[in-house]
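Enquirer: Sharing a structure below in structure tokens format, with a few things to ask.
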Amino acid sequence: MQNFKELGISDKMAETLQSMGFNEATPIQKESIPLALEGKDVLGQAQTGTGKTGAFGIPLIEKVADQEGVQSLILAPTRELAMQVAESLKAFAKGQNIQVVTVFGGMPIDRQIKALKKGPQIVVGTPGRVIDHLNRRTLKTNDIHTLILDEADEMMNMGFIDDMKFIMDKIPAEQRQTMLFSATMPKAIQTLVQQFMKSPVIVKTMNNEMSDPQIEEYYTIVKELEKFDTFTSFLDVHQPELAIVFGRTKRRVDELTSALISKGYKAEGLHGDITQAKRLEVLKKFKNDQLDILVATDVAARGLDISGVSHVYNFDIPQDTESYTHRIGRTGRAGKKGVAITFVNPIEMDYIRQIEQANKRQMTALRPPHRKEVLKARENDIKGKVQNWMSRDNEPRLQRIATELLGEYNDVDLIASLLQELVESNDEVDVQLTFEKPLSRGKGRQGKGGPKRGGNHKRGGGKFDNKNRRSGKGGFNNKKKNDRPSSDRNNNKKSMKGRTFADHKK
């Protein structure tokens, strides 16, 4: 890696970065920063977690003048990403008279108008709210010299392509430098680049990253009715530090979250119907290690930048390769290894093949853990918990009960009975998940294949409710508006010999 000072930044910025613990530039920063400082348009293709914010944020702060008026506009797909970008920019601008304001939906617009009237140099926002301010003329483009689009493909996926064009058209090309970053380059983004950017220099770090992947990718073949039990078995054996679980629909996310909580896991869910206040609360808990598992739809997870995610579980297989790339990109960051496991119905294997072909690498087949492996993992977990409990002060009344029990029973038998109850307690909890049809062999459509009847899990796990099909109480014919594959808006069998579960290490 290259030292930041060699990239042409000022001594002040170099000192700021050093105080933040940034000593060497990432590949995307190494390539982008000199180009941005020269004023060239930059087209960067890199995944989230590769240092993109620094790639455009560091040169941006260097170019912003110490005078009132918006000089730079940054577009981001979600509120969370907008806030994260703004916080990074404020850190880069430490000690300088540079103000950064965020504008996004779900928050009172009056406060944002008041903040904009104070003359910030940088505005970070989501496309919809930025357009609101442009139409109200509370955001003026006269002095904007730098326009940045972060995660442009995500904004496209969320239906913002026309909004991006509208905003770019409001800032004449001869007036602005444009920097666009995207993990993928679909045709719509390529068209946007051709129409609105001036001879952009392409910076692409994806190939290098993919040749040395930090993410171990697996798939496990499992029928819908066995999926929840298999999933919790993996959780028990993996003991993930932080995990993100992806479900296809809002209903799936809600039911999975409730089921996990009932089993004793610390989980919360995110989807498009969650309020902004609740969303921020959930993300704060997740970042502060108050949660182990975040369950989310694709759209709800877009723009999230959470460090320390050790595992990604695709409870429902994504419908396209781009969604798969974005999902698993939540782990394996900052040089750390990550694990991604996709649960696939036998009739959905064509989707695995499509993902492998698009990414030019194979996923490894992984069998579900055996019951003995699960129990052994639970025993080790309980042993660790007991050791922690022993360091706490016990209530006198509990000590009295313990003394009485030890007088009546053999101490080893007594402890063994209590441990058995702890180890097997999860098996007694019965949960319900609505049956979801597997995807068809067609591209991007929900299929008609798969099992035709629901049933009960017998291994102590979930039950798929297939009763009262016409009454709206579950069943796979119960289609609701928020049950469509989550935009939140608008069979080949492969041998399972490849990798045994015992081969997988945390």
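For all residues, glycine too, the Cβ spot is worked out from N, Cα and C.
The model shown is predicted, which means the values in this text are computed figures rather than measured ones.
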Enquirer: Choose the correct range: of 2-30, 31-59, 321-349, which one does Swiss-Prot annotate as motif 'Q motif'? Give that range.
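Expert: So the range that Swiss-Prot calls motif 'Q motif' is 2-30.
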Enquirer: State the residue range annotated as motif 'DEAD box' by Swiss-Prot; the candidates are 150-153, 266-269, 410-413, 426-429.
Expert: 150-153
Enquirer: In the same chain, which residue numbers or ranges, 6 or more beyond the ends of the motif 'Q motif' (2-30), come under 8 angstroms Cβ to Cβ?
Expert: 37, 44, 46, 50-52, 54-55, 58-59, 61-62, 91-92, 94-96, 203, 205, 208-209
Enquirer: What is the three-state DSSP composition of the motif 'Q motif' (2-30), stated as helix, strand and coil residue counts?
Expert: 17 helix, 4 strand, 8 coil
Enquirer: Give the helix, strand or coil assignment DSSP yields for Lys52 (ATP binding site).
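Expert: Once the DSSP labels are grouped into three classes, Lys52 (ATP binding site) ends up as helix.
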